[in-house]
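Database features, via TrEMBL:
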- 27-301: domain 'Band 3 cytoplasmic' (DOMAIN)
- 355-930: domain 'Bicarbonate transporter-like transmembrane' (DOMAIN)
- 934-959: region 'Disordered' (REGION)
- 383-405: transmembrane segment (TRANSMEM)
- 417-448: transmembrane segment (TRANSMEM)
- 468-490: transmembrane segment (TRANSMEM)
- 553-574: transmembrane segment (TRANSMEM)
- 604-622: transmembrane segment (TRANSMEM)
- 642-660: transmembrane segment (TRANSMEM)
- 702-721: transmembrane segment (TRANSMEM)
- 742-766: transmembrane segment (TRANSMEM)
- 802-821: transmembrane segment (TRANSMEM)
- 828-847: transmembrane segment (TRANSMEM)
- 879-910: transmembrane segment (TRANSMEM)
Amino acid sequence: NVYVSVSPAAERLRHILGEDDSTPTPTIFTEMDTLQQEGGELEWKESARWVKFEEKVEEGGERWSKPHVSTLTLHSLFELRTCLQTGSILLDLEGYSLPQIVEEIVEQQIADGLIPPDLKEKIIFVLLRKHRHQTKKPIHRSLADMGKSSNAASSKHVSFAPFTDNAQSRSMNDISDTPSTDQLKNKFMKKIPRDAEASNVLIGEVDFLDKPFVSFVRLAQATTLGGLTEVPVPTRFLFILLGPHGKTKSYNEIGRAIATLMVDDLFSDVAYKARDREDLIAGVDEFLDEVIVLPPGEWDPKIRIEPPKKVPSSVLNLNELGQVNGLAGGAAGGEDEELPAPHELGEELKFTGRIGGGLWLDIKRKIPWYCSDIYDGFHIQSISAVLFIYLGCITNAITFGGLLGDATDNYQGVMESFLGTALAGSVFCLFGGQPLIILSSTGPILIFEKLLYEFSKNNDVDYMELRLWIGLHSCLQCFLLVFSDASYIIKYMTRFTEEGFSSLISFIFISDAIKKMVAFKYYPINRGFKPDYITAYKCECIAPDQGESSNYFFYYFMLIFYLILFSVIAGVGWTLMTSQLSKKECVKYGGMLVGNSCKYVPDLALMSFILFFGTYSMTVSLKKFKFSRYFPTKLRTLISDFAIIISILVFCGLDCLLALDTPKLHVPTELKFKVFDFSQNYFLKIYIDRGWLVMPFGKNPWWWYLASFVPALLVTILIFMDQQISAVIVNRKENKLKKGCGYHLDLFWVGVLMAVCSFVGMPWYVAATVISIAHIDSLKMESESSAPGEQPQFLGVREQRLTGTLVFVLTGLSVFLAPILQYIPMPVLYGVFLYMGVASLSGIQFWERIKLYLMPPKHQPDFSFLRHVPMRRVHLFTLVQIVCLAVLWILKSTFLAIIFPVMILGLMVVRKLLDLMFSQHDLAWLDDILPDKDKKKKEDEKKKKKDKKAPEPESDEEVRKCTIWQVWICLS
């Protein structure tokens with residue numbers, strides 16, 4: 001390696017910027033005005049502006065250009081450096097008005113011998129001309145100004161008019177001491193952060209100067225200088241460049257160069273803290289060290305570079321100042337100096353070694369935030385989140401409630417699912433460690449309940465009593481895990497395990513949504529329909545068979561009575577009577593529907609699929625609408641936040657408009673727990689109440705109370721893995737959560753709710769990964785004011801307890817909202833399910849790596865791991881994850897689903913074995929280094945640094961490192 005020395009400029013800046021100063025540097029808004037002549041009078045006209053990126057006034061003079069990255073000529077930077085060396089520098093100037101500041105500047109120039117005294121009044125006259133800003137104008141003003149644009153090009157060269165004795169007084173009248181009405185109403189202020197300060201760049205040509213007039217000014221206090229700036233932002237910096245005719249382009253490029261430097265993070269810090277001229281020049285030199293040069297024959301300077309989606313962090317490592325990165329351009333280095341952030345889960349999973357130590361720390365961590373967890377929820381964004389998650393929760397409750405009812409002969413059904421979701425969810429959101437987690441029934445729990453019921457039924461064991469004891473044992477086992485800080489093992493769950501689990505849950509949501517649409521229970525798709533045989537399709541109502549029901553005679557006579565009554569009233573013949581019965585009437589009076597067209601309804605299946613895919617497609621489109629170019633930013637954000645609600649309302653309205661009998665959401669209307677009793681009549685379903693509480697004793701032998709410990713162990717493993725993996729995904733550092741989390745506290749309340757739900761005969765609840773991720777996404781916050789061209793910055797998540805609590809309260813009240821909810825078609829809710837499954841896959845590196853199989857190398861995205869890991873190793877790692885996911889999917893779909901939680905632990909074992917197949921370097925980029933390996937690697941690095949010898953001096957044959965500005969000095 002070539003020995004790299006630190007330049008003198010970098011040493012100087014390190015000393016300046018390294019000083020302790022708690023005051024943050026304000027954001028700088030830079031405006032560049034050029035001197036022009038309009039109607040025979042001089043004026044300063046705004047030509048460009050910068051907040052982060054450059055915006056130019058287009059040649060027509062009526063509109064701003066799109067924000068773009070400033071492309072500067074290298075020569076302009078060198079000329080700027082020369083201007084700072086030869087011009088006057090006034091730092092911490094006491095200024096209260098523009099005339100007074102201009103007077104000080106000119107006096108300093110005269111004192112330094114840069115201009116003769118007789119030019120004082122002429123320069124002041126020019127600098128105090130009025131400023132015309134590029135603001136939105138009314139239509140009538142725009143039309144009036146159209147004629148002026150034709151001669152704008154010929155007005156750039158300014159001839160100085162004869163100067164009279166009252167020129168000074170006339171110049172004073174051109175400058176307003178207070179901001180104008182247009183400035184105060186300028187909507188561009190929304191793009192500028194609060195407490196920002198202005199930097200004004202004035203560039204012009206005059207005919208009375210023989211050499212350039214250059215001055216750089218920093219005011220002691222930011223001062224509002226009337227109409228000098230487009231927006232009412234106080235001015236802190238002034239850069240003035242007046243020169244003789246003939247160098248218009250050169251002057252403009254110098255102005256663009258200083259304006260670009262003023263919005264640069266490093267140079268703006270230097271400008272604020274500079275003590276003399278040399279400090280400013282050192283800032284320019286450091287900027288030159290980092291600048292990138294494009295070959296003139298390979299790039300068209302007229303092309304405007306779009307702002308990048310992600311810009312480097314403004315936090316500067318002062319230790320790297322002046323060190324040119326030899327890896328720029330993608331060259332490979334010899335060492336792993338660039339490694340991704342290590343796998344860190346925070347102090348929440350620290351092993352305390354005390355009984356209940358982790359739980360106590362969780363409580364201490366969350367209590368100070370409890371009040372803010374309530375009032376932080378009072379925001380319009382919370383309304384959208386509540387409605388979105390509410391619809392997901394009731395759909396989930398109805399789906400899993402119906403499946404539970406089928407699996408347990410209605411010992412647990414939709415009613416229990418609704419009330420259990422309301423009870424468990426609201427308690428967890430109010431008192432849990434991470435209220436952003438949404439509790440719900442899950443597929444593995446449903447499978448366990450089904451197997452447990454079948455076992456109880458086949459062995460003459462009371463299902464509800466056995467389930468109660470399993471829940472109690474599982475609750476005690478959860479307490480044991482909580483008080484022993486067992487959640488500590490979660491730190492060994494790396495991205496490999498998280499992505500496998502979350503991908504499986506997402507695929508379950510997607511597949512279930514599609515399966516429910518393909519397999520219509522009541523109105524299947526008529527695949528064998530032949531239009532030519534339409535006359536053969538019929539459906540008629542006939543009386544029931546006598547052998548089918550003990551109540552045959554009752555229903556038969558009811559049917560005959562109805563038909564006779566109908567014939568008398570309607571006056572039709574006997575042959576038409578049966579054909580006049582509706583489907584519901586036929587079924588109501590015990591009739592049977594016979595015919596090959598009874599199950600099919602025209603257009604119903606097609607309409608259901610339109611509702612299904614329409615809801616999904618519109619939701620995706622409206623979510624992306626935030627990044628479109630239509631409508632103001634606030635309106636786009638509002639539409640994006642309410643995307644799901646808008647989609648549901650639109651397609652519910654479409655369904656009502658077409659009035660087709662699509663499957664609708666069914667919500668129970670009675671607050672009673674009922675089960676089927678088949679002991680008396682198998683034709684009719686007789687309901688009996690099972691009571692609100694499950695008694696723990698009296699129905700099963702005493703030894704079942706102890707034997708239930710074994711199945712409870714499987715439930716505990718399932719609960720622990722499902723809950724903690726979902727919590728890790730929610731608490732990812734990418735979500736920028738600030739209030740901390742509580743793994744032990746979460747598991748404690750899940751255990752408590754297990755016992756409570758077991759006593760009242762309600763389903764068991766655990767963290768739902770997909771709905772929790774959707775909850776996070778619906779509460780994400782972005783910066784309100786962002787520089788033009790800059791993507792809104794992700795600030796974090798609105799952490800509070802209000803949205804989750806309201807969701808579950810509404811879920812409980814949904815029993816009373818049945819008349820309204822019954823208008824929602826089920827295909828619309830399945831479309832929401834599909835969106836939730838697909839949306840949760842976004843941002844998963846595993847999914848991005850799968851897509852690389854189908855991409856040629858030249859079209860692959862510039863992922864960081866592709867720069868450091870060979871493609872074949874990337875594909876091999878992805879293949880291992882695909883195989884693991886396939887095994888989990890197969891297990892989930894068979895009777896072995898009961899060991900599903902054990903297989904999640906198996907993912908951790910597979911990840912441990914990957915250390916034998918991949919190097920730690922590859923795993924650091926593709927996954928995360930396990931804690932033990934990470935510790936060992938840090939110790940090895942420390943040892944290497946300790947044993948590393950000092951670099952040898954360079955030989956005469958080696959090329960001496962020389963920065964760009966040093967080359968310029970040598971050549972000049």
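Each residue's number is its place along the chain shown, starting with 1.
Glycine residues also receive a Cβ, built from the backbone N, Cα and C atoms like all the rest.
Relative to the transmembrane segment (642-660), the listed stretch 828-847 leads the set 417-448, 802-821, 828-847 in CB pairs under 8 A. The average pLDDT the prediction assigns to the domain 'Band 3 cytoplasmic' (27-301) is 81. Proximity of the transmembrane segment (383-405) to the transmembrane segment (828-847) is established through 3 or more Cβ-Cβ distances under 8 Å for residue pairs spaced 6 or more apart. Using a Cβ-Cβ cut-off under 8 Å and counting only residues 6 or more beyond its ends in the same chain, the transmembrane segment (742-766) has close neighbours at 348-349, 358-359, 361-363, 365-366, 400-401, 404, 411-412, 416-417, 419-421, 423-425, 427-428, 431-434, 437, 439-442, 445, 449, 464, 467-468, 470-472, 474-479, 481-482, 485, 487, 490, 673, 690, 692-694, 715, 718-720, 722-724, 726-727. The stretches the transmembrane segment (802-821) and the transmembrane segment (468-490) are not in mutual contact, being linked by fewer than three Cβ pairs under 8 Å (pairs 6 or more apart in sequence). Listed by sequence, the residues of this chain that lie at least six past the ends of the transmembrane segment (828-847) yet keep a Cβ under 8 A from its Cβ atoms are 391-392, 395, 495, 499-500, 502-503, 505-510, 512-514, 516-517, 611-616, 619-620, 623, 644, 647-648, 651-652, 655, 665, 734, 769-771, 773-774, 777, 865, 878, 881, 926.
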